[in-house]
Every structure is written in C-alpha cells, then in structure tokens.
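Grabbed the feature section from Swiss-Prot, which reads as follows:
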BINDING   290, 291, 292, 293, 294, 295, 296, 297, 298, 299, 300  substrate binding site
MOD_RES   105  N6-(pyridoxal phosphate)lysine
C-alpha cells in the first residue's frame, strides 16, 4: 500500500529555517501572510503582527529603532516559573513553598520591575521577592518590595551604608536577608544591627566545588569571586554562637552561574549545596530558606542542547530536579525541607523585549559578465581565467576544491603584485571581480552533502553574503553579542512568504568593524549568515532582534555617542489589537553630549559666532535652526 507523505509548505520551511517555534517559547511566530507576530498569551485571540505595531509607533512620530516591550509576556513568565515549581512541590509532596526572587540587575527599568510585581498583584499569597546587589539597587528595591512578598535578598559586596540600609528595611516591615559574601561583613552587620536595635536576617553564600560550563562558569567553583569556603562557613557559625546570634542565620545561598545549559550541572550543584544546608542545621542553625540563585537558562538558539546559547531541559524539568534533590537529601539527614528560592531574572525578562529597526541600505553581489584577459595581460590573470572556464564547463568534486584553493592563492598573489607595482589598479579590480564570479559559480556547484565541501561553502556564503546596513548600534542594543558572542535570534518581520534566496549579514551604523552580528540562528544550528528575502529600496525592510530583555539595556554603551533607543510598552487586547501603553523617548544628541560633559551651551555660542562671521545674513537664521535641530534630534538615522 502506498502512502502519500504531505510535504511541508514554503512557510513551514521558513519557520523551520528561523527555528521560531523553539526559541520563542510560543510568544512569537510567522503567520500565513509571512509576517512575524507576537502572541503574549500564546493564543490566536491575543496575536498581532509586529509590522502593524511599527505603523502605530510611526503614527506617534516615533522613528526606528524602537525597543518594544510586551508586559503580558513578563506576567506569563512569572506565572510559568511559579507554576512549574508549584507542580513539582505537589508532585513530590514537598512540605514547603517556593519563592521567585527577581534580581533587578537583569533589567532595572521601572516599567519592567513594575510589571513583574504587578503579575501577582491580585494574589493573596504572593510568591515574588526582589534581589539587590548594590546600594542603588537596594534603595530602589526598598520602595518596591511591599508590592511583592516583602522578601528582599541583599547580595554583593557591602559597606556600612549598604548594611544599614538593609537593616532599616527590616524596620520598614520587609524581610531583608543580608547574604554574607566575605567574612569581614559579619562584624559589620552585627555592629550596625546592635546600633540600630534590629535583629538581622543573615544568609551565607556558599562557595561550591561544583561548577557549571559555559560563559559564566567562573561564578561557581573553588575559584569563584564570591562566597565562603567550608572553613569560613564554620568560622561564621562559631562567631554567631559566641555572640548568641545563631538564630539570625536563616538562609543558604549559592550561584553556579548564569545560563546553565546542562541540567546535570544544576542537579550536582543543588545536591552539594543542600548538604551544606543540612550540615548547618545539625550544627544548630535554624535555616529555613534555600536559595539556588540564578542559572535557569534561556534557549536563545532553540536547539535544546548543551551549547552556551541553549538549554537541554525545560522549565518543569528544572523545577522537578531542584525540588526532588532538596527533598531527597533532607530525607537522608532527617532535616526539614526549606523554602526554595530561585533568582531567575534572565528567564523572566529575556522574551519580553524586541528591538525593531530598519535596513537603510545594502551591498549585494550580482554576477556580471567579465571580459577575458587580453593577449598581453599578465600571466597571473590568464591563469585565473582558466580556472573560471573550468568551473563553468563542469568538473568533478575534487577539482572544485582545487579551483577554490587556486583562486584563493591567485587573488592573494594579485594583491601582492599590485603592492609591488607589477599589476596596475585595473588589473587588481579585474582579479577581484573574477574571483567573486568564480566563488559564485563554486557555490552553485558545491553540495552540503559532501563533507569536504561544507567548510568551503560556509566561507563562500560569508564572502558572497549581502551586507545589510541596519539602523542600530550593536554596542548599545546587543552588547553581549559583541562582548561574549551571545546569540540573539534575528529575522525580517515581513515578506517571509517570498523567496528567501539571499543570504545576508547585519552591520550596524557605528564606525567600528566590530559592529556586526556574526552569529545567526538557522534551523538547528548557528550560521555566519542569515537567509533573507531580497531587499528593495521601494518599501521598508524591518528587522527584529529578539530575546533582548535581559541585561542588554543596562550593559549597552555609547560608542559613537549612539544613545538609548526609543522604547514602547505595548499590550495586546482580547481582539488581537495592539495598544501602546507608554512611550519613553530615546536620547537626543544633546543628551549624549551632556553625558560626556560637553558644554552644549558653549557649543551654541560658538555656532552663533561662526555663523555670524561666515554665513550670509539672510541665511543665518536657517543655518542656526538646522544646527539646533541636530542637537535636539535622535542619535540614530532618521532621514535617508
């Protein structure tokens, strides 16, 4: 019997190419019109095209680039994480509760923190707390924590002022855990607590031997910057006993590192840390809270793997591993199960923000007819032409590789001969154009099925890729892509029903060769170029940079004085319509100048003097108005 297998549609292949289903967690997708949509509640009722949101923003006189926030996604992520732990607690009959603590360092923007807190505003028993890692963050958190469970975790190195602020938080009715990162902090806490008449709540950050893998592995292990070694932990216990303050120790904390890709590393770290908890309980410490820190990963590339940009587990598996490990070890020791805390800031915030901007121009290679070299042409050029004829008229797979290598060598020799005066400028230009044409022909003839061709094809894709000049600063909006090779999903927002027959690289508008996106999610892997529909100058070409809600804004720098982009908070109503709730305008040129201590008033004075001296009187007002418009304008490109 014959069965007909339904072939995937073109749009299904496009969806697979960009791997949207997996990295987006259902919050984004590609509809049947080839448009990228957002669905904050993961249903069709609350689904709208991102390009339609751009039109709304433009109607409000907001130029691209714009960082678009979807607060409903923040609400959904908080619910998903809490629900995963609550289910695990029920599944393992765990006799205590879970608390999700948001470290505001991940994204301190007020509208972000407010929405995270609002996600549980209607709940009687809230499962949210806040974490601060510095004095400024603590001051911000003290004013917000009453909207959550009033639990505050204080991490980071601390001075007298930081500690006094934390203790004052107790006077304000908060439950403030001062986590000791080094031994010297203990004396300071005890001294200031006595001075203020406050009973401190202490936590210990344990320096584990367990260590994860990836970009942040140095956060864990014996060489970690933070935490107390086993001998130091015992010193703290003995000191607290001597001061009759052992009851102040209420929390054990550890942190293996951000973006833990392998669930086995998570389980090993929890197993080691919960033994610290049990041992400390046996020494008389009445610890009730077990803080596993951060580490819950985001699947940036959607491959569900152990790569540093992914994770080989799901949210429910993460929760089950932590709850079951804590429960099993406590059973062995006969100790009560503690309240479990996680500081899962990246997982809460990454999905909620998308940077949307426009392509302002391209540089693309198109094959062109190249004349054969003349009889008196240098021998090097004639050799190159023979290679071109070979690849045109067909040859075997092995010869294709030889032609590629010969072309590489010949082009290098052409550059050398130009530098020594053997070849002139026309010769060099001809050699470069012919080599591109040969590369183009080789790309058509080589196959990914041939493993010897694959590395060459990758190189050819890069050489022949279109260059998309995109209106943004990599250093401001995607600093982790530059600094630590973090992968962020990138794709066009419209026209995906068309042929994705071009490949491109994204280049920003800074005057820096590092301002380029070098890694792209494609299918189940990472590539150096991205499949895209062809760019045309007669219609806008929108690009979206996804999963940028964690760390990117606060880490972004001001290279070339490109400042913060505009941002907009957008909700999707029950009719699938987008509603702009809030707009925060980005930096102007004047803002950036003042930030680097340039006296803008003096600049204006100098302008006026120069204009009065050099410009005709009837033009002076117009010229000064142009200069003033430049100072008040957006730092990104507006007219092109």
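Glycine too: its Cβ is placed from the backbone N, Cα and C atoms.
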Between the Cα atoms of residue 290 (substrate binding site) and residue 105 (N6-(pyridoxal phosphate)lysine), what distance do you get, rounded to the nearest Å?
21
Which residues in the same chain, at least 6 apart in sequence, have a Cβ under 8 Å from the Cβ of residue 292 (substrate binding site)?
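Expected: 254, 269, 270, 273, 322, 340, 341, 342, 343.
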With residue 105 (N6-(pyridoxal phosphate)lysine) as the reference Cα, tell me which of the binding-site residues 294, 296, 298 is the closest one.
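Going through 294, 296, 298 one by one, the closest to residue 105 (N6-(pyridoxal phosphate)lysine) is 294.
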Check the DSSP secondary structure of residue 105 (N6-(pyridoxal phosphate)lysine), expressed as helix, strand or coil.
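The three-state answer is helix.
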Using a Cβ-Cβ cut-off under 8 angstroms and a sequence gap of six or more, which residues of the chain neighbour residue 296 (substrate binding site)?
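Same-chain residues close to residue 296 (substrate binding site) (Cβ under 8 Å, separated by 6 or more) are 81, 260, 315, 318, 342, 344, 346, 347.
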Which residues, sitting 6 or more apart from residue 294 (substrate binding site) on the same chain, put a CB under 8 Å from its CB?
103, 255, 257, 258, 342, 343, 344, 345, 346
Helix, strand or coil: which one is residue 296 (substrate binding site) in, per DSSP?
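Going by the DSSP assignment, residue 296 (substrate binding site) falls within a strand, counted as strand.
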Work out the three-state DSSP category of residue 290 (substrate binding site).
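Looking at the DSSP assignment, residue 290 (substrate binding site) belongs to a strand.
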